[in-house]
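**Student:** What follows is a structure written as structure tokens; I'll ask about it next.
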Amino acid sequence: MAAAPPPKADELQPHPPKEQLASVSFCITSPPPWPEAIILGFQHFIVMLGTTVIIPSALVPQMGGGNDEKARVIQTLLFVAGINTLFQTFFGSRLPVVMGGSYTFVAPTISIILAGRYNNEADPREKFLRTMRGTQGALIIASTIQMILGFSGLWRNVVRLLSPLSAVPLISLVGFGLYELGFPGVAKCVEIGLPELILLVAFSQYLPQVLHFGKPIFGRFGVLFTVSIVWLYAYILTISGAYKNAPPKTQVHCRVDRSGLISGAPWIRVPYPFQWGAPTFDAGEAFAMMMTSFIALVETTGAFIAASRYASATMIPPSIISRGIGWQGISILIDSFFGTANGTSVSVENVGLLALTHVGSRRVVQISAGFMIFFAILGKFGALFASIPLPIFAGMYCIFFAYVGACGLSFLQFCNLNSFRTKFILGFAFFMGISVPQYFNEYTAVAGYGPVHTGARWFNDMINVPFSSKPFVAGLVAYFLDNTIETHNNTVRKDRGYHWWDKFRSFKKDARSEEFYSLPFNLNKFFPAV
């Protein structure tokens, strides 16, 4: 077959690949002016509240806790998230990422809640305390896997084999894989969730076109504008009696006074380690939680790469990802000490907010960590913001998770999309990443337990939980196929985009790595990255 003739000078050409995003207003090392940075930091705090409230609201009642316990767990989770975010941005990956609660840890926590040894406890308060201590013990053991893999450099060696092609399904499903938290959450109170979604699109995408003088304002602070408007609208609906005769579920999702957080939260309280008592340990639960910790590690790797892209940094070196994972392990250990009933991972919605605002500044996220700690200590004020109806957050998630998913797709610019090998790996990984978890989740919804159902609950969790994670399955399939099919062919190496990341596989190969990822206080001398 004859080769295509060379293009003429005036013919259309494909867009050239870019190692860094050029349209970011403030990159990782260039903070906005202080007043703007503080407002943007508060916006990150508002965005992370959704997950911080949803997870304890789902778990604490099953554990036997009431509104008081729920408010205290949310307060603790918020406090610890602030500490962990500061550790990650100062000493971990150095990326502008918020470290908050993780949905990945919900399934094994529910498994601990349903363990037989807690069923004979008649007192709900005592059952809550015993379950919380069991969760703390499992998380203490689970944190070790991330610390070992991260700080030993073992995870660095795994990530070095990652190419743009195998990264695409992983990163994309870190965002797109959370679709069930988007519009289904909006639909739980559509008269509140849908206005938030529509207004946020209008403020961030259309108003800057119409009102040129307000382009940076509406684009960067759209979340604060829209949440304020829709929250006020929800308040008016509540006090006007719009939900007076509505079903209880509708009232919980739509009303602004049904969370029970403000009444349950103390005015001032500083969470402290082992506030629920001494942790208890169970070998089976620890194994299940360790597997969950590994899944969170894989998902966080994808989120780190997305955050580096939206912060206009270069591709994050494997050694820096490994260091960040090690510090995430420390974060999970801190979670277990304080008793959050949950583990930590990168907040995907906050990575999406980096894209929406075009601000990837590290300082902004560190300021948001200050807000987390401040409002966690001032319980009543923190609970006021945490009582924002959850469909408002779901409306925002539709945009934030989409941004993260689109970031994964953007790495296709480094791959040859005309290669059948590329098409197979890409399509098969995406399809299996969606299809396999769908099977596991459907089976669980119908039967009440996963496809793997033995007498050992911990073993069931070790198999069912990983294969219910969309980014884990997609990333695993893509990584395996990409590193085993025709890997010695130089043409294939270019097709998969591997050569584009060669300069970033070692910290010292590209001078920009020092600018974006080096440790503060000259600590690189004592903890060198390789």
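Residue numbering: from 1, along the chain as shown.
Heads up, the Cβ atoms here are built off N, Cα and C, so glycines get one too.
Straight from TrEMBL, here's the annotation block:
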| type | residues | note |
| --- | --- | --- |
| TRANSMEM | 38-61 | transmembrane segment |
| TRANSMEM | 73-91 | transmembrane segment |
| TRANSMEM | 97-116 | transmembrane segment |
| TRANSMEM | 137-155 | transmembrane segment |
| TRANSMEM | 193-211 | transmembrane segment |
| TRANSMEM | 217-236 | transmembrane segment |
| TRANSMEM | 364-386 | transmembrane segment |
| TRANSMEM | 392-412 | transmembrane segment |
| TRANSMEM | 424-440 | transmembrane segment |
**Student:** Considering only Cβ pairs within less than 8 angstroms, which of the stretches 97-116, 193-211, 217-236, 424-440 has the most against the transmembrane segment (392-412)?
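**Tutor:** By the under-8 Å Cβ criterion, the transmembrane segment (392-412) pairs most with 193-211.
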**Student:** Kindly say whether the transmembrane segment (217-236) and the transmembrane segment (38-61) touch, using the definition of 3 or more Cβ pairs under 8 Å where each pair is 6 or more positions apart.
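**Tutor:** By the criterion, they touch.
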**Student:** With Cβ distances under 8 Å as the criterion, find the stretch in 73-91, 97-116, 137-155, 364-386 that has the most pairs with the transmembrane segment (38-61).
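**Tutor:** Looking only at 73-91, 97-116, 137-155, 364-386, the most contacts with the transmembrane segment (38-61) come from 364-386.
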**Student:** So which residues does the transmembrane segment (137-155) touch in its own chain, when a touch means Cβ under 8 Å and the partner is 6 or more beyond its ends?
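**Tutor:** Long-range Cβ neighbours of the transmembrane segment (137-155): 105, 108, 112, 279-282, 285-286, 288-290, 292-294, 296-297, 301, 318-319, 321-333, 335-337, 343, 530.
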